[in-house]
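**Q** Quick one: the structure is below, and I'll ask about it shortly.
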Amino acid sequence: MSSRPAWRALHYSAKRRAFQPPTPYRCFSCTTRAQSKPEDERMTHFGFTNVPESEKETRVGAVFSSVAASYDRMNDLMSLGIHRLWKDHFVRSLNPGSCLPAMTADQRGWNILDIAGGTGDIAFRMLDHASNINHDMETRVTISDINAAMLAEGRKRSLDTPYYNTNRLDFVEANAEHMPHIPDASVDLYTVVFGIRNFTDKQAALNEAFRVLKPGGVFACMEFSKVDNPVLDGIYKRWNFSAIPLIGQVVAGDRDSYQYLVESIERFPSQEEFRGMIQKAGFMIPGQGFENLTGGIAAIHKGIKPIVKA
Ligand SMILES: C[S@@+](CC[C@H](N)C(=O)[O-])C[C@H]1O[C@@H](n2cnc3c(N)ncnc32)[C@H](O)[C@@H]1O
């Protein structure tokens, strides 16, 4: 267990990224502006703090560089293991490796892009599902993430899987908002799990998802969302704002990164608003477009790229 204070962890990871913070460190949850910026600079949320858009990526990068090593353990503690059930359900609902409508009976193998794939939780599940349930050994997953430290954890975990060093698994460091290295209409399934709320320009990422998917391809996102029951919401918020930063401090020696993570959950659009953004990118929405999990603590959103763009 690390006793390194959170500000030191952030300072250290920022140094590793050869970035000199433009302002002295201050608490993530403060709502005053960090420093005076030109009036016309666009602002965005970093948790409850307003920051210039140009700073958000670096700040999010510092958070994930700091939490990477403890990320998987913290996920289990913060969600009491429930994230595993959600992730299993998410993958089952997509049924990777099954026969796609455009495929003939002997054609197999999906090209999956797992955005913000971090430590590989979704990618490994999808490959396991394709192999063990659909007996498909062709499906491949590219784990794409902006953060080198998170990808390094994913690579380390992949050593214990049958996919290590095979053409079924690939790691790419990239910003989901701009992926010129991925050709148009080349992907069967685009997934993003607990990642998109950290992006600076979420609409740009959704537009990129639309561009890289094949016609008929599926966009699937699981993200923390809005709880519909006031009693559950009260308990959940209390857990988020009291327990999680404390667990972050005790287990990972980093209270402020976990304070940011819970604040970013609050800032994420409602199920209906996010569905509108998916639609705006050009996707067709199946049914109501989202499925609430555990009363809306998380939600799965889906969109389909039309065969002929409307
Ligand atoms: C909470 S983790 C989720 C990891 C994984 N999908 C999971 O469910 O366990 C969020 C991930 O989003 C990544 N991320 C943040 N901003 C990004 C961006 N603009 N483009 C790609 N990845 C990004 C972070 O580096 C981090 O690995």
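Using N, Cα and C of the backbone, Cβ positions are placed for all residues, glycine too.
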**Q** For the S-adenosyl-L-methionine site that TrEMBL describes with Thr119, Asn175, Ala176, which of these is also annotated: Asp106, Asp136, Asp145, Asp160?
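**A** Of the residues offered, the record points to Asp145.
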**Q** Would you give the longest CA-CA distance, in whole angstrom, between residues of Thr119, Asp145, Asn175, Ala176, the set recorded as binding S-adenosyl-L-methionine?
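**A** This binding site's residues have a maximal Cα-Cα distance of 16 Å.
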**Q** Taking the binding-site residues one at a time (Thr119, Asn175), which has its Cβ surrounded by the most other Cβ atoms within 10 Å?
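**A** Max Cβ neighbours within 10 Å, all protein chains included: Thr119.
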